[in-house]
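What follows is a short report on a single structure.
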Amino acid sequence: MDNFLALTLSGTTPRVRQGKGAGFRWRWLSHGLLELTPDAPVDRALILSAGIHGNETAPVEMLDKLLSALYSGSLTLTWRVLVVLGNPQALAAGIRYCHSDMNRMFGGRWQSFAESDETRRARELELSLDTFFSSGQARVRWHLDLHTAIRGSHHLRFGVLPQRDRPWETDFLAWLGAAGLEALVFHQAPGGTFTHFSSEHFGALSCTLELGKALPFRQNDLTQFNVTSQALSALLSGVETSTSFSPPLRYRVVSQITRHSDKFALYMDAQTLNFTAFAKGTLLAEEGDKRVTVTHDVEYVLFPNPSVACGLRAGLMLERLP
């Protein structure tokens, strides 16, 4: 199964659906779903996902290189792994999504959207995670969902962590720093993301990794993510990652800007970078007689997008943590 990406993009079902790799067994489950199981017993399970948005190709290419290293035997596998290429049709078309944003649908929220390829895929991925986690007795469960951002950022690589009732484990946060993440953003409320679903329903330590900017296939400079690729390789093979890194800055979400109607106006232009700072009192958005302003001394914007569909998030406002 050294052509997993090509099969996924072409929508082709492989003639052989399971086999042996270098020290592991592989099993093709469905388009964009591949299970890897080490020959030796392990108590760690990992979801490695990318391509939830079809125009975010750099992480997909990174995963393809990791799979090639595993199949060649140059990388040892020490986790049970479910590799997920989230939205095959959008990936093949080179678009963010075909009908609706899948990363708003998880946790059963797909039932609130008009039926589409994305709603069916979200349901399939939920069932796939349930089967994967329930078929083993993993003591450690991680989910790393790899993305790229629509626009540029003051932090080239950053992580977004779902709301979680329990404290985050220090080794997980340390690994995120070793993977080159310059900032970590902590959600304070539930959401429909893939990582919130895996965290809430399966207790996984989950993070959305934002790696650079969305570009088409074969136009990505993967060298700018070498530190992340090296950390992923070390993780898969059970090797300790470097401790010589600067701890990521930490932010938490303090509010969400939501577009409710065509009267919505977001006062940020296309050049506004993620993590741009705004002073207290700054007018951020208006919709009819409703005004959205900065309420803390300083707030930072994340994912500003004035053109989202009505009812969806047009941006998050953050505050820095000590």
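Keep in mind that glycine also has a Cβ here, set from the backbone N, Cα and C atoms.
What Swiss-Prot annotates here:
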type: ACT_SITE; residues: E210; note: active site
type: BINDING; residues: H53, E56, H147; note: Zn(2+) binding site
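Structure coloured by features recorded in Swiss-Prot.
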{"residue": "H53", "record": "Zn(2+) binding site", "DSSP (3 states)": "coil"}
{"residue": "H147", "record": "Zn(2+) binding site", "DSSP (3 states)": "strand"}
{"residue": "E210", "record": "active site", "DSSP (3 states)": "strand"}
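Surrounding the centroid of the Cβ atoms of H53, E56, H147, where the record places Zn(2+), the chain contributes additional residues within 8 Å, namely A50, G51, I52, G54, N55, P59, R96, L146, T148, A214. Non-local contacts of E210 (active site) by the CB criterion (under 8 A, 6+ apart in sequence, same chain) comprise H147, T148, A149, S153, R157, F158, G159, V160. Taking the Cβ of H147 (Zn(2+) binding site) as centre and 10 Å as the limit, one finds 25 other Cβ atoms among all the protein chains shown. The Cβ of H53 (Zn(2+) binding site) has G86, N87, A90, R96, Y97, D101, M102, N103, H147, A214 as same-chain neighbours under 8 Å, each 6 or more residues away in sequence.
Long-range Cβ neighbours of E56 (Zn(2+) binding site) (same chain, at least 6 residues apart, Cβ-Cβ under 8 Å): A50, R96, H147, T148, A214.
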